[in-house]
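Read the structure below first, then the notes.
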Amino acid sequence: MQLSLILPGAGIAFLINLILTPVIIRISHRNNWYDQLDHRKIHTEDTPRLGGVGFFLSFLLTAFILTILLPLLDSSFTTTRFFSNKNILLFLGFFIVHGLGLVDDFVNIRAIYKLIGQIVAGALVAVGGALIDGIYLPGVRWVLPLGPMSGAITIFWLISISNAVNLIDGLDGLAGGTGLIASAGIGTVHVINGNLSGALFSFMLFGALLAFLVFNKPKAKVFMGDSGSLFLGFALGALAFIGAGDGAADPSHFQAGFIVTITVLIVPIIDMVAAIMRRIRERKPIHHPDKEHLHHKLLAFGFSTGQILAMIHAVNLLMALSVIGRSLAIRNEGSLLAADLFILVAWLIAASLFTWLHFANKARKKLA
């Protein structure tokens, strides 16, 4: 795998979004397209909410440009390989999820309609053949085949990761930074495993997010909105198995993809699971919003936005490095076992810290 085939994708996406986002900010100010202020929001000023449109369009435009550029850089690369039926249906899924979020940014869509739209988007990806057909079990070289359940599991996976990223999007630079580190980690794993499509898509997303964060860092000039967070989560979920069957040396690389994605997104995933459990316990609808997410609790303990970002992104970076290390160790049985055990321990530590924070926050409220 030549880096010369991947780096242009990141660079082009970065430059396009660096140009697009200021335009989107100006148009949003002109039309009063702001994120609505309410008791759950942390920001106190009118802020445009369509940053996700910028990095979504940048991602798409970069894909179009690469269909022209890549064959010039590598004669063995064909546009047919890049835009297979599988990838076309994948992009249709991206369109649906992004469009769903965009409409929701202007008119609140009922949760059931949002879920139906996400199911349709996930089904398109599954019908195209981009499936989680097996789950690699950490610590052993054995894969649990999913058989006829692979389609349903794939749809559930994509919806879950999409909503996990959406739920954590409540602090300047949090969802964008998480997505940036995750896409870099997943992309590097794909490079190591020789998966061209997965690496290209990952670093295209990385470049677009890097430009977005120029304007989303505290104090943010623009938010990604639901159009961005739903697409970002959906794309990160799909990156786990993009390129499966396209020539990678070992199919188990893709069956282990869920481990990679869970690990690099462990913070939003745990936050989502905690939110679901909390709402079930309180007998509220699962989609009911609240101010009990991880970033809300850390703010309540007196941490600044910068400190919270530093802590969470340090965890994100550690997780990304762990899956990269695992990919490098995959050819050595002992090293692979050690890497898998490290990842399992990291999951447990992250869950334990989250549990401690939950009870510490409850104790703080009782004393207040």
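Quick reminder: no glycine exception, Cβ is built from N, Cα and C everywhere.
A TrEMBL annotation is a machine prediction, not a hand-curated record.
As the structure is a computational prediction, the values presented were derived from the model and not from experiment.
Listed features, source TrEMBL:
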- ASN166, ASP226: Mg(2+) binding site (BINDING)
- 6-29: transmembrane segment (TRANSMEM)
- 50-73: transmembrane segment (TRANSMEM)
- 85-103: transmembrane segment (TRANSMEM)
- 115-136: transmembrane segment (TRANSMEM)
- 142-161: transmembrane segment (TRANSMEM)
- 173-192: transmembrane segment (TRANSMEM)
- 198-215: transmembrane segment (TRANSMEM)
- 227-244: transmembrane segment (TRANSMEM)
- 256-277: transmembrane segment (TRANSMEM)
- 298-324: transmembrane segment (TRANSMEM)
- 336-359: transmembrane segment (TRANSMEM)
If you count every Cβ pair below 8 Å, which range out of 50-73, 173-192, 227-244, 256-277, 336-359 shares the most with the transmembrane segment (85-103)? 227-244
Listed in sequence order, the residues of the same chain lying six or more positions from ASN166 (Mg(2+) binding site) whose CB sits under 8 Å from its CB are GLY101, ALA175, ASP226, SER229, LEU230, GLY233
Report, as numbers and ranges, every residue of the chain located at least six residues beyond the transmembrane segment (115-136) whose Cβ falls under 8 Å of a Cβ in that stretch; write 'none' if there are none. 85-90, 92-94, 96-97, 100, 142-146, 150-151, 153-159, 162-163, 230, 234, 238, 240-242, 244-245, 251-252, 255-259
With pairs 6 or more apart in sequence, are the transmembrane segment (173-192) and the transmembrane segment (142-161) linked by at least 3 Cβ pairs under 8 Å? no
Counting only residues 6 or more past its boundaries, what in the same chain has a CB within less than 8 Å of a CB in the transmembrane segment (256-277)? 132, 135-136, 138, 157, 160-161, 163-165, 167-168, 175, 178, 181-182, 185-186, 189, 233, 236-237, 239-241, 244, 286, 290, 292-294, 312, 315-316, 319-320, 322-323, 326-327, 340, 343, 346-347, 350-351, 354, 358
DSSP output for ASP226 (Mg(2+) binding site) maps to helix
Among all protein chains shown, how many Cβ atoms are found within 10 Å of the Cβ of ASP226 (Mg(2+) binding site), not counting that one? 24
